[in-house]
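A short write-up of the structure that comes next.
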Amino acid sequence: MASSLAFSGIGLLNPHKLPYSTKTTSFIRCNNLSESLKCKDNGRPITAGRDHNGQAAAAFPSVLTAPDQLLDRIPVHKSDTRLRIFSGTANPSLSQPTCPPANENLMELLIMIDACRRASAKNITAVIPYFGYARADRKTQGRESIAAKLVANLITEAGADRVLVCDLHSGQSMGYFDIPVDHVHGQPVILDYLASKRICSDDLVVVSPDVGGVARARAFAKKLSDAPLAIVDKRRHGHNVAEVAVMVDDMIDTAGTIAKGAALLHQEGAREVYACSTHAVFSPPAVERLSSGLFQEVIITNTIPVAEQNYFPQLTILSVSNLLGETIWRVHDDCAFSNTLKGALWTNRFIKISGARRGPRRHQFSAASASQWRRVGAPNSERRNSQPVGDLLSRQSTTPSDFKSKSDPNPNSKNQTECAFCAGHEHECAPEIFRFPPDSTSDWKIRVIQNLYPALSRELDPPNSESVGGPMTIPGFGFHDVVIESPAHPIHLTDLSADQIADVLLAYKKRIDQLRAFDSIKFVQVFKNHGASAGASMSHSHSQIMALPIVPPAASARIRSMKEDFVQTGKCGLCQVKQDDLLIDESSHFISIVPFAATFPFEIWIVPRDHSSHFHELDNDKALDLGGFLKLMLVKMSLQLNNPPYNFMIHTAPLQIDSTELPFTHWFIQIVPQLSGVGGFELGTGCYINPVFPEDAAKVLREVRIPN
């Protein structure tokens, strides 16, 4: 079925901080919508729209593109407007906020609805981010109009079959419509942004600026770590106000009530006051009141376009594009979205459910191959083939500092002093590829050899491009090599110096450079299995390199996810992952973090500070820095977790990646301690339960002291 989406008069792109703000705002995704819009090439929706000046509205979600030919605005007279539909539209969704100039915007919305109706549209959805007449929902005195009901009748009579609105001033306005109304709340977008600020819950109180907003503030406080609730009562002052106050309202008009409330909160001892509102009407003198220094930050959404002259340093604007876009998709696809409005949790592939601590449980999401990218780079969300997830109970656990490995990392090493990887046993191994130093004989430090029992064979013919894209199986062509990291049997990677670990990393780089010469090799995976339960069959310290004729699905999904994040934010997700509460340590060229939605307890990522797509771009100086930094992370993990078995993987871009993909692909090292096995739930559902919050894991690892 052909379809079209038309937007007008509202910017729906990324949330942004105003240029002269002192803080930097990452892309903020609503906690409740960590997936992207389900846009496919076949039957892809089309968006178009006009603002009230007749200019094409440009700030749409990147997945909703707008051909200029869909709607044409034809001036008939300077006070008249005519719209003509150029594209067939079976189920159009027309977005138009009825903000000032309210009458003009409302009339244009009615004309757009009428144009679609006369173009034989089957179902027309009016998307109204801001319902401008919502406050005129009752009679306050005799002979007064109830404009909200009048506007509802106009929209219905114009031909709309459904209405989607964001944060009505009062819920009773939904009853004025004789057609279905979908009421979306902007709270999740603001909540996610506040969560990213990591305000201490002990210092926080949510404040309703008046008695009429108590229900709204109570719901907001419950979702914000069940924070205490305060009410500004004009008759008397409150007591024991927390240090950080978050004032919540559905709209800010002249800002009189909220400014008076902020002044009262400061008198009662509040150190910081945040104003949060979905709709920014900003009637004079709102800007003067909001920028007077009463507020640490004024957080709004873009349901109403904010004029440039109304910008001020404390202003932060968040986007509701994903919220409205997802709802539009579900309406279009006849899918239920009540869970979306209530705060259902969505993700690309895997779900992470963190363990219990004070306050309501928190659900975390990510996959190393997919949605983790937007959650780490931008806690939003920040994360884009989704499946709904029910309310899964979190696993109870002890405190993070109590986590210890209970398995012997090297059961095969007991009473063993030598093996085929040791110096003097070179003849027992598969053919050597190279060694370091290259001219060494028996005093070598590192050897790179073929795997004696390879999973891939270099003797087979490589698959052609047609077989890679078609059949479910391809020949097992490829290279499978082993990097022996030390000639001595009892020496492990953590026993080596920073220089020696740097040599191991440079051996990886050299072997990857050699494999790049084969046109049939598309991807190289470097990994290390330490300990039998982590997959190591030999206790002698070694790592492996596998070169594949295809780009594996996990790598492809990771690149797609990084691309989506780049398209939405304009930045590489891993170039902006540093967050103080997730940071473990940092060096000159690298940082280490626990990812925002880690798949496994105490999972560690080592990320280059500078943007780099390929591991083999590593130079000698950075290799030395990384050698010491990798040793530090492994030692911290070993001391805290009782020397657990672990895996580390180098996630790098495909060898033959297109140059256009370089700006958003970023290599990193993932270290996963094996503390708990993968059970039937994980295998059966693809969902992983992580009992340790990433902030807690990062704090524990950050505080580990290395003995001299």
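Yeah, the Cβs are placed from backbone N, Cα and C, and that goes for glycine too.
The annotation compositional bias 'Polar residues' is assigned in TrEMBL to 394-417.
Per TrEMBL, domain 'Ribose-phosphate pyrophosphokinase N-terminal' is recorded for 96-159.
For 445-552, the entry in TrEMBL reads domain 'Galactose-1-phosphate uridyl transferase N-terminal'.
Marked as domain 'Galactose-1-phosphate uridyl transferase C-terminal' by TrEMBL: 561-668.
Taken from TrEMBL, the feature region 'Disordered' applies to 361-417.
The domain 'Galactose-1-phosphate uridyl transferase N-terminal' (445-552) and the domain 'Ribose-phosphate pyrophosphokinase N-terminal' (96-159) are not in contact, since fewer than 3 Cβ pairs between them lie under 8 Å (pairs 6 or more apart in sequence).
Secondary structure of the domain 'Ribose-phosphate pyrophosphokinase N-terminal' (96-159) per DSSP, as helix, strand and coil residue counts: 29 helix, 4 strand, 31 coil. Helix, strand and coil content of the domain 'Galactose-1-phosphate uridyl transferase N-terminal' (445-552), in residues and according to DSSP, is 29 helix, 28 strand, 51 coil.
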